[in-house]
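Database features, via TrEMBL:
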type: ACT_SITE; residues: CYS2; note: active site, for GATase activity
type: DOMAIN; residues: 2-213; note: domain 'Glutamine amidotransferase type-2'
type: BINDING; residues: ASP100; note: L-glutamine binding site
type: SITE; residues: ASP360; note: site 'Important for beta-aspartyl-AMP intermediate formation'
Amino acid sequence: MCGIAGLVSWNGASDRAVVQRMTDALAHRGPDGAGVASLTHAVFGHRRLAIRDLSEDGHQPMFDQAGDVMVTFNGEIYNDEALRRQIEQESGYRFKSRCDTEILPIGWKLWGESLFARLEGMFAIALWDRTANTLVLARDPIGIKPLYYAQSGDAVLFSSELKGILVSGRLPGAIDPLAFHTYLATGYPDPDQSLVAGVKQLLPGTYRVVTERDAWTETYWRPARPSRIVDGQQALDQLADVLSATCEKLLVSDVPVGLMLSSGIDSGILSMLVPGANIPAFTARFSDATFDEGAGAQVLASQGGHPWHPLVVDRQFDIEADFRAVALAVDGELADSSALAHYMICRSIRGHVTVALAGDGADEFFGGYDTYAATLLASYLGGPLTRGPAGLAGELFAKMSATHEGRTGPLQFLSRFGAGLAAPEGAHHAEWRRLAPRSLLDRLYGDALAPMLRLDPLAGYRAAYRDAPGAVLDKALLSDQTYYLPGDMLAKVDRMSMAHGLEIRVPFLERPVMELAGDISVDLLVSAAGKKKAILRDLAAALGIKSDLVKQKKRGFNVPVARMLRTDLVLLARRFFEADADIFSPLLKPDAVRGIWKEHEARKANHGYVLWALLIHAVWREAHPS
């Protein structure tokens with residue numbers, strides 16, 4: 001994996017210095033090499049993390065043999081061997097390297113826009129076609145690799161991260177009020193937006209064509225749920241075959257490969273499907289026993305025959321320094337608290353391997369979250385007569401859980417369930433993930449943000465649910481796949497791993513697996529009794545994973561947000577929420593920020609998740625004043 005950046009200007013001079021600056025801002029993504037090249041109106045930059053064909057033959061930006069097409073590419077193409085053979089048969093071209101990048105300029109000349117649907121893997125691609133004077137940006141089907149872009153006058157800029165565009169100096173860098181409104185409600189902006197006005201993200205499964213006078217975006221793939229497989233044994237057999245073949249493909253590498261292993265069934269299944277002796281397994285250990293999964297992970301590593309490396313991540317590091325690093329890595333626009341743990345574990349793993357497989361995406365495609373059972377229950381219980389009592393119950397449970405500081409407990413779950421049940425029909429699913437209630441936003445919003453109170457910050461999430469076809473659970477799964485997964489989970493995994501030059505590969509998010517998951521009836525994913533990821537649990541049992549691990553409740557990389565703000569991060573919190581609270585003006589009222597912090601610090605309320613989001617943004621904003 002790598003970092004890419006570039007600028008295209010049809011009327012202005014190509015500005016190599018700007019692209020060099022953009023590329024340098026992405027140095028963490030590619031510590032093994034750098035390149036900047038130009039071709040009539042376009043300048044592309046690249047930072048290389050060498051994974052396959054470590055020679056100079058893999059240097060980017062790369063050109064076709066005639067010098068008409070220039071490409072810069074971030075990711076991995078796993079079916080490149082099949083595409084090479086096809087290209088050689090159809091065009092007679094002879095490849096000069098073993099690098100998967102080389103298929104892109106040749107494939108573009110041969111197949112045009114149909115190239116992207118042929119690719120299997122994770123990718124963000126920029127192509128400049130000199131003969132057509134056209135820029136093409138493309139992103140992998142589910143959004144594993146990020147791609148930001150912006151228009152500045154007659155120029156178009158793109159980058160793997162928001163910081164790459166900001167250092168160009170071509171945009172003012174002002175905060176987008178609507179995106180910030182969404183960020184405070186969900187912890188991230190809509191998947192096609194950023195927190196900075198004028199900077200957008202290319203949606204997963206799309207490509208964007210930009211010419212001198214026009215620009216348009218096309219969709220080449222999106223998740224679907226035809227649900228044609230209703231027989232459990234058929235689903236189990238096909239899933240075992242497809243996942244096994246996918247894992248084998250994803251092990252292709254010229255550098256060491258490892259496995260991120262928790263005690264859960266997602267990474268547990270992977271541990272049983274990849275050859276153990278040559279693939280070390282890495283597990284994050286925590287001093288707090290309620291967050292530690294070491295015992296179960298050790299059992300899984302032993303069953304799969306993997307050398308096991310437990311990595312204690314919360315004792316040996318400076319939490320405040322790591323928090324600051326996370327805030328800057330996510331450019332102040334991702335408030336998922338588990339990013340801190342991911343940052344620590346990725347740093348530790350990078351000391352051993354350059355590539356690691358992980359189980360991300362299994363929950364969104366196989367029904368692993370409590371929100372799916374909650375959404376199904378809400379479809380039975382929801383209605384005008386239950387909304388009022390449900391809302392009051394949610395508020396009561398929220399007050400009762402104010403002093404809880406560990407993992408999400410029953411009272412916190414009931415609080416969110418009550419608030420979600422109080423939402424209008426069809427809005428429950430998005431409501432489960434709300435960080436800040438409307439009443440808190442009313443208190444916080446300053447003059448610049450107050451007009452946003454008339455707008456629904458969850459509108460994008462609700463639209464993803466509303467527009468998805470199928471029954472209640474089909475809609476819930478599809479909305480998470482198209483909104484929550486790229487907006488939060490994959491953004492977190494990419495930024496935390498690439499902050500350390502570590503490539504994460506995700507077998508559950510390869511197209512053959514995603515398409516099979518969509519073909520499996522929802523009744524085989526979430527059972528009528530509320531058993532989540534039922535088909536994956538059956539597969540785990542069939543692979544020989546011990547029954548107590550198969551049956552255990554999902555855990556995850558959560559950190560004790562409320563407690564951490566009062567302890568490890570208290571000095572940083574007091575600074576931004578007391579003395580330096582003016583940094584939030586005019587978007588937020590500084591005195592209101594001080595007020596909710598005092599309530600939290602005094603344990604009168606648990607505002608942990610909102611304060612975490614504010615602190616992430618404050619650290620970044622101090623480094624990037626607009």
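Yeah, the Cβs are placed from backbone N, Cα and C, and that goes for glycine too.
Because TrEMBL annotations are produced automatically, they should be read as predictions rather than curated entries.
CYS2 (active site, for GATase activity) falls within a strand segment according to DSSP. Annotation for the residue listed as 'active site, for GATase activity': spatial neighbours ARG29, GLY30, HIS46, ARG47, ARG48, LEU49, GLN60, PHE73, ASN74, GLY75, SER160, criterion Cβ-Cβ under 8 Å with sequence separation of six or more. Each residue contributes its Cα atom, and for ASP360 (site 'Important for beta-aspartyl-AMP intermediate formation') and ASP100 (L-glutamine binding site) those atoms are 24 Å apart. Listed in sequence order, ARG52, GLU76, ILE77, ASP80, GLY121 are the same-chain residues six or more apart from ASP100 (L-glutamine binding site) with CB atoms under 8 A from its CB. In the shown protein chains, 22 other C-beta atoms lie within 10 A of the C-beta of ASP360 (site 'Important for beta-aspartyl-AMP intermediate formation').
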